[in-house]
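Asks: Handing you a structure now.
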Amino acid sequence: MRVLWVLGLCCVLLTFGFVRADDEVDVDGTVEEDLGKSREGSRTDDEVVQREEEAIQLDGLNASQIRELREKSEKFAFQAEVNRMMKLIINSLYKNKEIFLRELISNASDALDKIRLISLTDENALAGNEELTVKIKCDREKNLLHVTDTGVGMTREELVKNLGTIAKSGTSEFLNKMTEAQEDGQSTSELIGQFGVGFYSAFLVADKVIVTSKHNNDTQHIWESDSNEFSVIADPRGNTLGRGTTITLVLKEEASDYLELDTIKNLVRKYSQFINFPIYVWSSKTETVEEPLEEDETAQEEKEEADDEAAVEEEEEEKKPKTKKVEKTVWDWELMNDIKPIWQRPSKEVEEDEYKAFYKSFSKESDDPMAYIHFTAEGEVTFKSILFVPTSAPRGLFDEYGSKKSDYIKLYVRRVFITDDFHDMMPKYLNFVKGVVDSDDLPLNVSRETLQQHKLLKVIRKKLVRKTLDMIKKIADEKYNDTFWKEFGTNIKLGVIEDHSNRTRLAKLLRFQSSHHSTDITSLDQYVERMKEKQDKIYFMAGSSRKEAESSPFVERLLKKGYEVIYLTEPVDEYCIQALPEFDGKRFQNVAKEGVKFDESEKSKESREATEKEFEPLLNWMKDKALKDKIEKAVVSQRLTESPCALVASQYGWSGNMERIMKAQAYQTGKDISTNYYASQKKTFEINPRHPLIRDMLRRVKEDEDDKTVMDLAVVLFETATLRSGYLLPDTKAYGDRIERMLRLSLNIDPEAQVEEEPEEEPEDTTEDTTDDSEQDEEETDAGAEEEEEEQETEKEPTEKDEL
């Protein structure tokens, strides 16, 4: 009996050994088993992982099956021209490698669009798989990236035609022209045209690309290529996809970053956030769950409770099962594009809260937008857009103005993000506007990196600017003046300078301080409404501050006669007005320049002419003698009422404010010809004939033209007028000396009197007091040479003993 028992045990052991051997052979013979299957998933819920991987894995073939598959597959060699084009695409047309994922998702979206369209007329089109999704999965262990869609799929013929052939008619001519354009440094975007070759961007990051596809009208096939040749064969596993396509990339070593979940998620959000179909990424998250304790853990815990003197005894029936909190990694599909493109809906159907929520999500801002506009543009190019004005100006708005690219306008084509790297989508002065532009028919070049036809971009730009200005115009006056103008007023002024075609529209948005109100700002429309009956010009005065502008001698008579004067207090203001020739048929008049005239009666005209004749000796004396090289001419002023004189620029010269701004420029070197020309223009010296100083000067000049006091007075008046008119003095020391001389004369002090010399100080006696006391000398001698050296080095003051 014992012998039979031993024999039976041996048989069982032998049988078990054969079974294990068979299992080991089967495992060893499998190469690339479960290609694409993530090992992270297998460490968690096996059933979930198996179910999900069945829909996304490429194959589960063993080594012999893979060898047979590759031996029986039909191989195709890329033609020389196609191979050349492939290299051109990989090396030349794509500016950055990360766009490969955008292209693959875009192709997947196109395939989903096609099957959805087919399903409208064919009720069985979605029978194989009713889902319409894109799924992305990373397999770091096997260096694989999978992109699966449930779109229309491809037949064998379509795999060969669509993925194996890029060549079109005239390919050689196309390549030659492109090569010539590159050698000449010209743009190739016009030559490229619209090729459907975004798929080949996969070779930017992959050594090998494997495509498994199932079409409703054909069996499932596998397409494989290393960019040199490709092969196609029927999938021996049969129909594992149901319908759709899986693209598997065997990534290059330097492209391993694209296996990181964060990298893939960021790329999906960046480029494909608004795709119409849901995009999922197989990702993990850590959850804290409670699990029952094992028996040994429970026993240990009960022992610890028993040993604890402070433990509270619990009744048997109240005891609950022992559990512990455990952190567990859970894998599942995470939706990436949960933000819907609200610009695709009619504006009437979108609530205000939806616009605000979209703006905050889109711009990463916490505040609501100040204004927004949602519109559809039709014509030469059709697109939909939503534009926003932020509540506050972005930080560094004018840093590198004009050279810094604006990334606030994002361009989409069929909800696929193309670029926000623009120099010319919006003009520089509107660099604060944020928004999206989405077009279904915008032509792109092969790499989607640059717009194919720049004229269409100009059409889009033109419409965006018009809509933006309409949006700004509709902002309520109170909000506009209190908020918008403080944040973006400088932008509007720059727009007047830069945008000639929209200058009239922008002029209506301008706001300035004026003499009409001490604090409120005014528009040009409001100024024109308040103009006097026969006033034909808009008067303005520029200064570094309102106080300087309104205290200028140039505005004295204007304010006295009731004319409103606009105050320009910002450095850009005078440039802005100079670029604006007129507004509503009214020309602008700088009151610091020539040309200010008032309506006068015949009697007033006769009085003015008589005054000019009376002061003709003084005017000629100033022009030909006292101020000979300093002024263009001297005239009797019509604009002064309180000040004795003023220095007026010519129509084409610089005002004092403009000269100060130009000389303060960091790049000003003094070598610019035009700058030197404007700066060297002589001014007109206007005098007030009713001022006592001027009348007394006339009397003195008539008595003695060579009177030195009058000569000094004329120069001092000129230099004072230079300062009050906003100009800088070339020699401030000479001006100070003349003022001092005038003060001496007014106090009856001799102009030649010298400053009293300071009394010379007597040199201090450095010798030490000595006495005849022999005992003191003896004590000092006994102090030793060492103490004397110390006293000499420290230069101590004589002690009380020494003084005695």
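Quick reminder: no glycine exception, Cβ is built from N, Cα and C everywhere.
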Asks: Swiss-Prot annotates one residue of Ser213, Ser347, Ser403 as phosphoserine; which residue is it?
Replies: Ser403
Asks: Annotation phosphoserine in Swiss-Prot: match it to one of Ser172, Ser514, Ser551, please.
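Replies: Of Ser172, Ser514, Ser551, Swiss-Prot lists Ser172 as: phosphoserine.
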Asks: For the ATP site that Swiss-Prot gives with Asn107, Asp149, Asn162, which of Phe76, Phe199, Phe203 also belongs there?
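Replies: My reading of Swiss-Prot gives Phe199 as the candidate in that site.
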Asks: Pick from Ser109, Ser406, Ser447: which one does Swiss-Prot list as phosphoserine?
Replies: Ser447
Asks: Taking the Cβ of Asn502 (N-linked glycosylation site) as centre, how many other Cβ atoms lie within 10 Å?
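Replies: For Asn502 (N-linked glycosylation site), the count of other Cβ atoms within 10 Å is 18.
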Asks: Under 8 Å Cβ to Cβ from Asn217 (N-linked glycosylation site), same chain, six or more residues apart: give me those in sequence order, or none if nothing qualifies.
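Replies: Set apart from Asn217 (N-linked glycosylation site) by at least 6 residues yet with Cβ under 8 Å, we have Thr155.
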Asks: To the nearest Å, how far is the Cα of Asp149 (ATP binding site) from the Cα of Asn107 (N-linked glycosylation site)?
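Replies: If we compare the Cα positions of Asp149 (ATP binding site) and Asn107 (N-linked glycosylation site), the gap is 9 Å.
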Asks: Excluding Asn107, Asp149, Asn162, Phe199, please set out which residues of the same chain place their CB within 8 Å of the center of the CB atoms of the ATP site, keeping sequence order.
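Replies: Sorted by sequence, the hits are Leu104, Ala108, Asp110, Ala111, Met154, Leu163, Gly198, Thr245, Ile247.
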Asks: Kindly assign Asp149 (ATP binding site) to one of the three DSSP-derived states: helix, strand or coil.
Replies: strand
Asks: Which residues does Asn481 (N-linked glycosylation site) neighbour through Cβ under 8 Å, counting only same-chain ones at least six apart?
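Replies: Listed in sequence order: Arg511, Asp520, Ile521.
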Asks: Among the recorded positions Asn162, Phe199, Asn502, report those whose Cα falls within 10 Å of that of Asn107 (N-linked glycosylation site); none is a fine answer.
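Replies: Checking Cα-Cα distances against Asn107 (N-linked glycosylation site), the recorded positions within 10 Å turn out to be Phe199.
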Asks: Can you check which residues sit near Phe199 (ATP binding site), meaning Cβ under 8 Å from its Cβ, same chain, 6 or more apart in sequence, and list them in order?
Replies: Glu103, Leu104, Asn107, Leu163
Asks: Just checking a number: largest C-alpha distance across Asn107, Asp149, Asn162, Phe199 for the ATP site, rounded to a whole Å.
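Replies: Across Asn107, Asp149, Asn162, Phe199, the widest Cα separation comes out at 17 Å.
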Asks: Around the Cβ of Asn162 (ATP binding site), how many other Cβ atoms lie within 10 Å? Please give the count over every shown protein chain.
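Replies: Neighbour count, Cβ to Cβ under the 10 Å cut-off: 18.
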